[in-house]
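What TrEMBL says about this one:
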| type | residues | note |
| --- | --- | --- |
| DOMAIN | A:96-325 | domain 'ABC transmembrane type-1' |
| TRANSMEM | A:9-30 | transmembrane segment |
| TRANSMEM | A:92-120 | transmembrane segment |
| TRANSMEM | A:132-156 | transmembrane segment |
| TRANSMEM | A:194-217 | transmembrane segment |
| TRANSMEM | A:256-282 | transmembrane segment |
| TRANSMEM | A:302-328 | transmembrane segment |
Amino acid sequence: MFRFFLTRLLTFVPTFIGVTLISFAFIRVLPGDPIIVMAGERGLSEARYQELREQFGFDQPLIVQFWDYLTGILHGNLGMSYVTKKPVWDEFFALFPATVELSLCAIVIAICLGIPAGVIAAVNRGKFFDRALMSTALVGYSMPIFWWALLLIIVFSGNLGWTPVSGRIDLLYYFPDATGFMLIDSLLSGQKGAFASAVEHLILPSIVLATIPLAVIARQTRSAMLEVLGEDYIRTARAKGLAPIRVSGLHALRNALIPVVTVIGLSVGVLLAGAILTETIFSWPGIGKWMVDSIYRRDYPVVQGGLLLIAGMVMIVNLIVDLLYGVINPKIRKR
Amino acid sequence: MALLSIRNLSVEFSTAGGPFRAVDGVDVTVDKGEILAIVGESGSGKSVSMMALMGLLPWTARITADEMSFDGTDLRSLTARQRRQVIGRDISMIFQEPMTSLNPCFTAGFQIKETLRQHLKLDRRARHARAIELMEMVGIPDPARRLNAFPHQLSGGMSQRVMIAMALACQPRLLIADEPTTALDVTIQAQILDLLQDLQKSTGMALILITHDMGVVAETAQRVQVQYAGQKVEEQPVRALFETPHHPYTAALLAALPERATERRLPTIPGVVPGQFDRPEGCLFSPRCRFADDICRHRAPPVQPPALGIARCHYPLDTAATEAAR
């Protein structure tokens with residue numbers, strides 16, 4: 001087990017180098033100059049421009065800049081934001097809880113609805129529920145996120161007035177960041193109505209963000225279940241006189257879970273990518289919005305560092321998924 | 001009164017190519033503590049008829065029967081929930097492929113105890129004790145440790161023993177063994193058959209042994225029922241059947257036993273069991289029968305009296321004819 005863990009950690013190294021290289025190259029390929037952007041409409045003198053170029057190290061050859069960046073990372077230094085002059089690391093972890101809160105809610109919704117839906121569809125294969133569910137899933141999967149988000153906002157926030165349009169909590173409430181998670185902080189603050197307000201603000205963005213993973217999980221669960229339901233051990237379970245819900249929900253699902261967990265792990269990457277759009281639409285102060293803003297500002301260290309940290313998160317989640325395989329299926333554990 | 005009594009059981013599957021009749025008017029009767037063997041080639045509807053009894057067929061199957069009663073209870077009138085209280089408790093079943101019949105995600109112990117929890121009111125400790133007792137009963141060494149073994153850590157023979165332990169957990173009155181030894185090595189086959197016979201004797205349960213191996217039948221069964229293409233073609237006590245088969249199909253099966261062969265080349269039955277699209281008119285066995293004539297090919301055969309083995313044949317064999325057939 002430990003060796004498996006270690007070899008997996010080793011494969012992180014080339015991935016990390018790749019991600020740093022791509023993010024470094026990607027932001028520099030974009031037209032635009034961070035110094036000009038920073039100067040804004042007033043502009044700046046040629047002398048001042050050269051001075052800043054030297055200060056940021058843009059006068060050095062690209063390869064030297066990359067080397068400096070790489071050695072910086074190895075020292076745990078992701079650089080400072082050009083705009084806020086704060087360390088990227090600090091900014092990331094100040095905003096990250098908001099994204100985690102949203103993504104977690106979304107993935108919980110996707111799992112809690114997607115797995116049962118897939119199981120029920122598989123058990124009722126070819127019947128009305130199965131067909132209805134799978135067509136809905138296909139629609140959900142192919143829907144443009146920004147359009148879906150705007151539609152929900154118009155209907156539920158605009159016309160019906162059930163949910164707030166944007167933000168994480170009502171302006172009426174103020175309390176210090178204890179954990180960065182609004183649901184927990186609002187509870188800790190003890191203010192009446194704060195928690196309900198936080199929940200209300202979470203509903204629409206979570207639904208929007210959950211849509212694609214939900215569709216993927218439901219379809220994957222269904223196909224994995226269909227495969228498993230024909231196995232001999234399912235017949236054995238039924239021959240024991242077990243209730244159908246136990247046969248499909250325990251005996252079949254446990255075996256069907258491997259591909260489903262894989263898809264859930266991969267969804268985390270999709271979620272973080274989807275969070276960029278969703279957070280922008282709902283003005284959700286998470287890393288998605290932060291990344292988009294920093295791309296507009298050509299804030300090189302923020303884009304590079306942000307991408308690297310997000311890639312790190314995705315890799316860690318998929319490592320956890322790999323470890324989960326063994327927990328779910330003992331046959332894999334032996335390897 | 002018979003423990004299990006099935007009359008005129010038919011099972012039809014609706015397939016893309018129209019309805020397919022897998023079981024066609026089969027009767028099965030088993031007395032308490034009796035060993036009945038159901039014999040036939042692949043596709044003769046042996047397993048399907050027993051799966052119909054267990055309620056294990058998919059919903060595409062249409063099951064009809066004039067009678068299907070177990071110990072006086074009409075199984076047809078039970079709701080799905082009521083039937084599940086009988087299945088696994090009073091009637092249990094073991095299958096052909098022990099390696100794939102156990103769930104790979106759960107330990108042997110979990111799967112045995114699950115049956116106990118489903119049907120008996122035992123607490124955790126009692127279930128554990130009973131599981132160990134069952135493992136000992138089916139001859140698994142070091143049962144306390146093996147309870148924690150996953151199926152992939154067990155051999156085929158061990159897996160089948162676990163399956164048997166699971167089936168016997170609630171002391172069933174009828175055990176259906178669906179080709180329990182087909183997937184196993186020859187030496188293990190004998191062990192499992194001995195075990196089943198011993199357990200049948202010590203518990204007094206009835207045993208239905210589905211097989212296509214006449215050797216197994218001769219060693220274990222008390223009564224034999226021969227099925228062909230979904231129909232029962234003959235039924236006799238085991239010794240009488242081996243001495244005087246009345247249906248030409250039975251006679252041909254027996255003639256194909258290596259022990260009975262008189263020539264160097266083993267006699268075979270030409271052709272295969274008819275499928276969905278090539279069911280003959282008249283007697284279903286007529287295309288492969290060496291005695292068949294025009295009547296056989298055009299008219300469904302009558303069912304002969306018990307003295308002639310309830311054979312479904314126009315011209316049932318008697319001893320002299322059987323001798324001639326050899």
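Placement of Cβ uses the backbone N, Cα and C atoms for every residue, glycine included.
Contact count against the transmembrane segment (A:132-156) (Cβ pairs under 8 Å) is highest for A:256-282, out of A:9-30, A:92-120, A:256-282.
With a cut-off of 8 Å between Cβ atoms, the residues of this chain six or more beyond the transmembrane segment (A:92-120) that come close are 78, 129, 133, 137, 168, 179-183, 202, 205-207, 209-210, 213-222, 224-225, 248-249, 252-253, 260, 264, 267-268, 271-272, 275, 278-279, 284-288, 290, 305-306, 309. If you look at the transmembrane segment (A:9-30), the same-chain residues 6 or more away from its ends with a CB under 8 A from one of its CBs are 62, 65-66, 69-70, 73, 295, 298, 300, 303-304, 307-308, 311-312, 315, 319.
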